[in-house]
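Engineer: This is the structure, below, for whatever I ask next.
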Amino acid sequence: MLLVVALWLAWQEAPAAPTPAADDITRGVDWLTKFGYLPPPDPVTGQLQTQEELTKAITAMQRFGGLEATGVLDEATLELMKTPRCSLPDLTTTETRRKRFVQAVTKWSKRNLSWRVRTFPKESHLGHDTVRALMYYALKVWSDITPLNFHEVAGNNADIQIDFSKADHNDGYPFDGPGGTVAHAFFPGDHHTAGDTHFDDDEYWTFRSSDAHGMDLFAVAVHEFGHAIGLTHISAIESIMRPYYQGPVGDPLKYDLPYEDKVRIWQLYGVRESVSPTAKPEVSKTDDHPILPELPENRSTVPLRRDVPNRCNTHFDAVAQIRGEAFFFKGKYFWRLTRNKHLVSLQPAQIHRFWRGLPLNLDNLDAVYERTSDHKIVFFKGDRYWVFKDNNVEEGYPRPISDFGLPPGGIDAAFSWAHNDKTYFFKDNLYWRYDDHERRMDPGYPSETILWKGIPSPLDDAMRWSDGASYFFRGKEYWKVLDSDLEAQPGYPQSIARDWLVCSDMQSDSPEAAGSSRTGARSKPGQHDESRSENGYEVCSCTSASPSLRACPVLRLSASLVLTSVWTAALMCAAL
């Protein structure tokens, strides 16, 4: 706790920076410790970090991550901390060097190394042969330019054992569920886990996916195998050994390592004979290499489930702004839009895989909103509600909606109004006003929704948006209400599918609309009209602000687009 207080004081030294939430401060300290920027707390001496040491740690992290070195936990720094990344630390303290996971890096003394995929991902659409082929080509990236040779074996004595595991998998370094840390590998050495490489099976592993779903297995494998043969993290933006997930790297048969990575591995093992330090390796013409599946033209490799709704021709159960981004819920799925109204993926993600703690048999939601008092997320279904901190359910839920003073039977909509920071609940032709800060219903409610002129009832849901306006949704249409107004703006209703979900007017009327072209769509403020890339690869830059990530994956609507928020991280695992 004192460490957190010290960090808060360090923050106060920067008058231009907004004070972060207490949870962000705590997570910031934990993150800096986990990845080597701060030493772990000493339970014996109780020694604390000085303000100078804390500032130095933040500055080092910012420089390593390619951010402006402010020395404070600004928004960009917090967002980068939420980006999916490798489990290995960036810096090794005296204490962490004692652990075999981050021991002083050595190299393999032999040049012929065996490998084996011992366990496979359980919920990925990738077949076993595809996974093995991706491992083959990820290792080949390194053997093409060094004297190392890799060969697959069937026995239990492989030098590099590859596993897909969840949570605590008995190596002392548990995974953390969707998002966060996605994989790790052990450096060469004389310990029995030397070279072993583990991928988090809670992630949704993909390859050649045309949508921004999941983690690209080839890209992550190249990075982790770099560790398995002795490379540590590096801060260079173009390096495959940068700790943050940066999205797909292209065709495995044509991928060429960045020059800084070549130089570092050559320093360990030397250059393979006949390899020019400046030339790209040629694609082998031999027939004994594994065959990778081709991406069908204009189609995703993610198989669609039969119950997946058509975003262009449906109404929505709930709509909410969460962490500044829009979430559209339908059935068991949801779509997500960034702050600039860019649709993250044409295909939806599964609700229960992102917000773990909701019932697996939950068929749909009634309403969702983010509390302004503590930024926790509240889900409603029937007479019950759940409260989530980020994507983890709080203890003691679900609870009855009578906690809010609401009658039984559920609600239709919930949102926080920017005008007065109060929360409004709607049911049929009635609405209630609730004070989330005081945790009590305001007196004099319910009132009739007729007071909201031009707004229909019953509603599907409503939300407060980043432009300061409130939006009300019913059927396939929405209405806009400006701050402090109780009346819909002229020119409404408008089409949800067209203005929010990247659908043309033709798509909105067609049952075959999902996934088709956006030609003819009318742009709304904040939307872009760039066409998608023809090769179907995702664009993901996890090195700047997007929970995310917030910097993280985005459709290739524009190669320069970068997302922000912990949502992208976990989101990539919630994909179909």
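Glycine is no exception: its Cβ is also placed from the backbone N, Cα and C atoms.
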Engineer: Given that TrEMBL annotates His169, Asp171, His184 as Zn(2+) 1-binding, name the residue from His191, His192, His198 that shares the site.
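Structural biologist: Within the candidate list, TrEMBL flags His198.
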Engineer: Quick one: which of Asp366, Asp421, Asp428, Asp499 does TrEMBL put in the Ca(2+) 4 site with Asp317, Asp460?
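Structural biologist: Checking Asp366, Asp421, Asp428, Asp499 against TrEMBL: the Ca(2+) 4 site match is Asp366.
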Engineer: Report the same-chain neighbours of His198 (Zn(2+) 1 binding site): residues 6+ apart in sequence with Cβ closer than 8 Å to its Cβ, ordered by sequence.
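Structural biologist: Expected: Ile162, Asp163, Phe164, Ser165, His169, Asp171, Tyr173, Phe175, Ala183, His184, Ala185.
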Engineer: On average, what pLDDT score does this prediction assign to the repeat 'Hemopexin' (362-408)?
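Structural biologist: Reported value for the repeat 'Hemopexin' (362-408) is a mean pLDDT of 89.
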Engineer: Starting from Gly177 (Ca(2+) 3 binding site), work out which of the binding-site residues listed here (His223, Met241, Asp317, Asp460) have their Cα within 10 Å, and give them in sequence order.
Structural biologist: none
Engineer: I'd like to confirm something. Which of the binding-site residues, Asp159, Glu203, His223, His233, has a Cα closest to the Cα of Ala414 (Ca(2+) 5 binding site)?
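Structural biologist: Of the binding-site residues Asp159, Glu203, His223, His233, Glu203 has its Cα closest to that of Ala414 (Ca(2+) 5 binding site).
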Engineer: Under a criterion of Cβ-Cβ distance under 8 Å and sequence separation of at least 6, what residues of the same chain contact Asp176 (Ca(2+) 3 binding site)?
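Structural biologist: The answer is Ala167, Asp200.
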Engineer: By Cβ count within 10 Å, point out the most packed of the binding-site residues listed: His169, His184, His223, His227, His233.
Structural biologist: His223
